[in-house]
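The following feature annotations were taken from TrEMBL:
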- B:32-54: transmembrane segment (TRANSMEM)
- B:66-87: transmembrane segment (TRANSMEM)
- B:107-132: transmembrane segment (TRANSMEM)
- B:110-379: domain 'NADH:quinone oxidoreductase/Mrp antiporter transmembrane' (DOMAIN)
- B:144-164: transmembrane segment (TRANSMEM)
- B:215-233: transmembrane segment (TRANSMEM)
- B:264-288: transmembrane segment (TRANSMEM)
- B:300-319: transmembrane segment (TRANSMEM)
- B:331-351: transmembrane segment (TRANSMEM)
- B:371-398: transmembrane segment (TRANSMEM)
- B:410-431: transmembrane segment (TRANSMEM)
- B:451-470: transmembrane segment (TRANSMEM)
- B:540-562: transmembrane segment (TRANSMEM)
Amino acid sequence: MSLEKHYFFDNPRNIQRLLKVFYVACGLLVALDFVVHRHTEHYLERLWGFYPLYGFVGCVVLVIVAKWMRGFLMRGEDYYDRVELADRDEASGGGQGSV
Amino acid sequence: MFEIPPFVPFFLAALLALSLRGWPRALVMIAVPLLSLANLWFTPVGSYGQLVLMDFQLEFFRADKLSLLFGYLFHIAALISVIYSLHVRDTLQQSVSLLYAGSALGAIFAGDLLTLFIFWELLAITSVFLIWARRSGRSYVAGLRYFTIHIFSGLLLLAGIVFYSRSHGSLEFTYIGLEGVYGWLIFLAFGIKCAFPFFHNWLTDAYPESTPTGTVFLSAFTTKVAVYALARSYPGTELLVYIGATMACFPIFFAVIENDLRRVLAYSLINQLGFMVVGIGIGTALAINGAVAHAFNDVIFKGLLFMSMGAVLHVTGKINGSELGGLYKTMPKTTVLCIVGAASISAFPLFSGFVSKSLVMSAAIAEGYDWVWLLLLFSAAGVFHHAGIKIPYFAFFAHDSGIRAQEPPTNMLVAMTIAAVLCLAVGIYPQALYQLLPHEVSYSPYDVTHVLTQLQLLFFSALAFVWLNLRRLYPPELPSVNLDVDWLYRRLLPGAVRHAVAGAFRVDARLRGGAVKAVERLLDSVSAQQRAGGILAQNWLTGSMVAGVALLLGVFLLLGLVG
């Protein structure tokens with residue numbers, strides 16, 4: 001391990017620093033809502049914090065629904081191959097990485 | 001300036017590529033898109049290359065603003081993809097990829113439906129070889145499915161053209177609309193190629209099974225030809241708005257849980273097509289411009305993303321998110337280029353997606369499609385989530401997979417750099433793209449409101465990713481297959497057919513068995529009479545014989561009396 005070069009994200013403190021910068025940026029963007037006069041085209045846009053909230057909630061819902069979908073959509077990696085490649089020796093699929 | 005249809009030099013170069021090797025071939029393959037693009041640039045709007053065939057006027061080269069823009073785009077895409085695949089030592093792939101690009105150019109410059117049909121089928125025939133070029137079992141069966149679906153689309157188109165020519169007496173490729181049988185047949189043919197919901201699995205099935213370089217070609221042409229055809233023949237068809245909104249939303253759920261990173265990009269390709277289809281459906285000048293501009297940008301940034309993932313596959317031989325991670329350590333250039341593509345598709349200000357996606361969104365609000373606008377906004381946040389963050393994160397960061405792969409060959413890096421520069425150039429100076437658009441619209445994407453709201457949306461989507469990851473709520477990458485509509489024809493239908501055939505064999509076997517048994521039983525019962533104790537083996541009394549004869553005579557007498 002000691003022989004290998006240390007990379008930026010190997011240090012957890014770098015990740016923490018990056019995240020802090022990110023949180024501050026998020027806070028600033030919300031704060032700008034108070035300062036900047038916005039030209040809105042839609043009534044929802046006039047609501048304070050509409051875009052940040054929509055982005056956050058939208059993505060959380062997206063991930064939770066997708067996780068729930070895994071429950072009934074997920075199958076083993078060879079689900080199709082078992083049948084479709086049954087008469088071939090390479091039932092594990094794959095192929096040449098580059099040709 | 002030569003007034004030759006642009007597909008001609010591509011087809012000729014494909015023939016040359018068959019016989020050339022090494023750097024002469026590379027030279028031809030780079031020169032053709034470059035020279036042809038220069039020629040196209042100086043071609044004025046007009047109609048060239050006409051041919052009369054059996055009362056129908058065929059038109060091989062119709063240059064108007066719409067077709068010219070797609071023409072420039074396909075030349076750029078061909079050039080980038082050719083450079084990206086220069087290291088490939090597979091003559092079939094090299095030659096077929098030029099034929100494929102040429103077919104796409106043939107289709108968009110077609111002025112009549114028959115020419116369109118010819119190139120429509122050529123697109124399918126040439127592109128399937130790019131899938132088979134992987135030479136694996138999976139790519140073979142996926143290619144067969146791809147080919148079947150595309151030929152079916154071509155047949156629908158042909159049927160539509162037959163009905164169309166009966167009612168119109170002309171074959172001009174222009175506005176068609178959803179009228180009559182022909183309108184629906186052609187709409188469906190275009191829709192299959194455009195990966196409408198329920199017809200979308202050919203894309204997610206076949207593209208990720210192609211070679212690292214083949215997928216880059218594939219992602220550029222087929223679906224964009226369909227977008228062009230829809231923009232030409234079905235602008236303002238309201239149904240397209242709802243189809244497009246569905247296309248923009250449902251694939252992002254699949255993209256979040258998909259493990260094969262090129263398949264994630266295939267789902268995200270459908271999601272981006274959704275924006276274009278919505279734009280065409282709205283049909284105003286602003287919306288059509290948005291759809292076309294987004295098609296232009298999408299080819300380049302989606303190409304860049306497919307190239308970066310192709311590079312990862314090329315150097316590591318792996319493409320599943322569960323097996324990758326930490327590649328930024330040894331592939332920093334590819335990482336940066338991938339992030340440029342990710343920022344572009346996520347529509348970050350100063351990147352190309354920002355200047356085209358907003359055209360469609362503004363058009364949706366302007367025409368009162370509130371719900372569609374909200375759905376598009378949701379999918380814009382979702383795109384950032386699955387394509388903008390997930391792709392770079394799981395390939396280059398996340399947990400360290402221990403793979404220490406080197407950067408890909410120089411030609412791949414050069415191709416990716418060209419695409420990245422174009423993404424930034426269009427993002428920073430959108431007017432260059434806007435003035436090529438079919439309608440004249442003054443639109444400025446860079447006002448304070450727009451930049452601020454877009455940044456808010458994106459940063460808080462990223463915040464959701466960070467929060468879910470820190471809380472360990474984010475679904476981990478798992479080696480798996482997710483069922484989609486293709487399950488119907490990959491599992492249910494073959495299963496049902498197998499079941500039906502097995503059932504038929506069972507019924508047949510039962511019938512045969514029954515018949516054999518019945519014959520046996522008959523033989524048994526007959527032979528039983530011959531054996532000791534059987535009727536035929538009994539001793540008969542003379543008296544009973546006489547009684548029998550008397551009875552017989554009595555019957556004769558009776559019949560004689562009656563007769």
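Here the Cβ of each residue, glycine as well, is placed from N, Cα and C on the backbone.
Curation plays no part in TrEMBL annotations; they are all automatic predictions.
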Please tell me whether the transmembrane segment (B:410-431) and the transmembrane segment (B:66-87) touch - that is, whether there are at least 3 C-beta pairs under 8 Å between them, with each pair 6 or more apart in sequence.
yes
Report, as numbers and ranges, which residues of the same chain sit near the transmembrane segment (B:300-319): CB under 8 Å and 6 or more residues beyond its ends.
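Residues 76-77, 80-81, 84, 208, 212-213, 215-216, 219-220, 260-262, 265, 268-269, 272, 327, 331, 334, 337-338, 340-342, 344-345, 351-353, 387, 391, 395, 403, 405-409, 412-413, 415-416, 419-420, 422-423, 426.
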Should anything in the same chain at least six residues away from the transmembrane segment (B:215-233) have a Cβ under 8 Å from its Cβ atoms, list it; otherwise answer none.
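For the transmembrane segment (B:215-233), the far contacts come to 66-67, 70, 73-74, 77-78, 80-81, 84-85, 97, 100-101, 103-104, 107-108, 116, 120, 123, 127, 130-131, 150, 173-177, 186, 190-191, 193-195, 203, 206-208, 240, 262, 265-266, 269, 273, 276-277, 280, 288, 291-292, 295, 298-299, 302-303, 306-307, 310.
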Determine which residues of the chain contact the transmembrane segment (B:371-398) at the Cβ level, with the cut-off under 8 Å and only residues 6 or more beyond its ends counted.
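Apart from its flanks, the transmembrane segment (B:371-398) reaches 241-242, 244-245, 248-249, 252, 255-256, 261, 264-265, 267-268, 271-272, 274-275, 278, 305, 308-309, 312, 321, 324-328, 331, 334-335, 338-339, 342-343, 345-347, 357, 360-361, 364-365, 457-458, 461-462, 464-465, 477.
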